[in-house]
Amino acid sequence: MASYGKKLINDPNDVVTEFIEGLVESYPGMQYLDGFPEVKVVLRADVAGAKNDKVAIISGGGSGHEPAHAGFVGEGMLTAAICGDVFASPQVDSILAGIRAVTGPMGCLLIVKNYTGDRLNFGLAAEQAKSEGYKVESVIVGDDCALPPPRGIAGRRGLAGTILVHKVAGAAAAAGLPLEDVAEEARHASELVGTMGVALSVCTLPGQVTPDRLGSGKMELGLGIHGEPGAAVADIQPVAVVVSHVLKQILSAETNYVPITRGSRVVLMVNGLGATPAMELMIAAGKAVPQLQLEHGLAVERVYTGSFMTSLDMAGFSITIMKADQAILQRLDAATTAPYWPVGVDGNRPPAKIPVPLPQSPSARSDVSLCRPVQLSKQGILLEVAIEAAATAVVNLKDPLNEWDSKVGDGDCGSTMYRGATAILEDLKKYYPLNDAAETVNEMGSSISRVMGGTSGIMYTILCKAAYASLKANGQSDVTSNHWAEALEASTTAVSKYGGAIAGFRTLLDALIPASQALQQRLKAGDDPVTAFVLSSEAALAGAESTKLMQAQAGRSSYVSPEIVASVPDPGAMAAAAWYRAAALAVRNTLESSLPAGSSAP
């Protein structure tokens, strides 16, 4: 059923003038003639008609195709754009005003899309301007390849290929060429270009009812830019199939609309029709390039993707192919200040794909140095004991963590932590180079990142990577208790930096920050390292328990009412306290039971 389309506008009768006002406010290099509503002309702010020493390039047509044409006003492209009402040719007086405003002794070139109204109105304006003494040339662009010839006196419609003609003509004018040469380059370019469009919806004119021409699951092939029906309606197909059909139509030897044969150099433009996401346009471009290269034997020299000539809010795209010799490419690559011409598209085309870079010190399972040593050092024994105890504690805490998290989060904290802990336990016996503490911590981060999803996985990976960087920076094979304290501080600092939480926000940092502070304080006070470790684990546990009294300021708990949050501790903090406490006790018990008397932990 047809309905009125939703539009963010004021009065439907004012959309063009209000568009122009917004455009010139956005781009100070543009101005408009003070002749609203009859005269709607956008022009370069740096060009004054009688003093203009270059050929003026003027185009235009009905509005609703933005950014065409006003968005392409700028040095090196259009000197002025004449805006008609939506889908209506500009009035002759408006075109004349534009000619008078920007045309100097070098004259002006009118680039006109091949529609009867545009041809007549621009033609009459050209003749009137000539009678006033202006030098005027015209080029008609008809690049539509959807409909087979002959087309009677109407000919092929002017579509998005017109923008490429604008660019060629604008660059030629900027180079100082005389009017005859600029017109010839533009005319030559118009003969080398072909376009075809595909739509998934019909556009809605401001203030009018949305047409209901296309049913569900249908697309229209070969439609125009004013919402007129296309050549055919078909079932929606994958975009690779659609692109293949369009390219074959444009490059058809039967219609011979464009003089492109195998071995030709070409330019590709994938143009959005108004409501097509950039993602879909890029997908179409990505399918078009290899088809042009492999199936049609063409050298694709430039690719322009975006919205250049739209049809209001129509969903769909058009594809334009232009034969390109070196002279054409030079004009397309020339500098322009037109705001909607794509910046940075030139002939420098590096390979589309390059290998994924590897880390400077790759942590690969095949690396012999990063595997479990045949014989563990004293440090390696303690590290293994600590890791195993910490991971086991998390495994055993799975259900309570999930229960707590079901009240204040999404109920999967225990399951997420369990996945990370079991991965660590599996990799511990096979891969961790336990005699190298820094690399072992790094490998733990790799284990976690492989299996733990969500925020917890990222935070624990950051913890491990920051600790690794800190331990590695010390440059010593033997890691001291002070080194471990510095690594813990670096880890909590990194998580706070990237996650945004601090102590008191009800996160795992409420366990680890007190632990880090207590560990450094006890070590500075001269405590035995193991004693300092155990005491700091008590601080971690106390910090985790204190989260019952905190108002959540980070994570999903921040969306839960304070009454519910107050009934349980933060699951992340409790998990951190549990593994930290288990590691401390395991190191103390191991030293007390199996290492020689008088020895101490590093």
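Positions of Cβ are set from backbone N, Cα and C atoms, glycine also.
Taken from TrEMBL, the feature domain 'DhaK' covers 11-341. The substrate binding site annotation in TrEMBL covers G62, S63, G64, H65, K113, D118. The active site, tele-hemiaminal-histidine intermediate annotation in TrEMBL covers H226. The feature domain 'DhaL' is assigned by TrEMBL to 381-585.
Where TrEMBL records a feature, it is marked here on the structure.
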residue: G62; record: substrate binding site; CB count, 10 Å: 21
residue: S63; record: substrate binding site; CB count, 10 Å: 25
residue: G64; record: substrate binding site; CB count, 10 Å: 27
residue: H65; record: substrate binding site; CB count, 10 Å: 28
residue: K113; record: substrate binding site; CB count, 10 Å: 29
residue: D118; record: substrate binding site; CB count, 10 Å: 25
residue: H226; record: active site, tele-hemiaminal-histidine intermediate; CB count, 10 Å: 19
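Across G62, S63, G64, H65, K113, D118, which the record gives as binding substrate, the greatest C-alpha separation is 15 Å. The residue listed as 'active site, tele-hemiaminal-histidine intermediate' sits 12 Å from K113 (substrate binding site), counting Cα to Cα. Mean pLDDT across the domain 'DhaK' (11-341) comes to 94 in this model. The substrate site is set by G62, S63, G64, H65, K113, D118; from the centre of their CB atoms, other residues of the chain with a CB within 8 Å are G60, G61, A68, H69, G84, F87, A88, S89, I225, H226.
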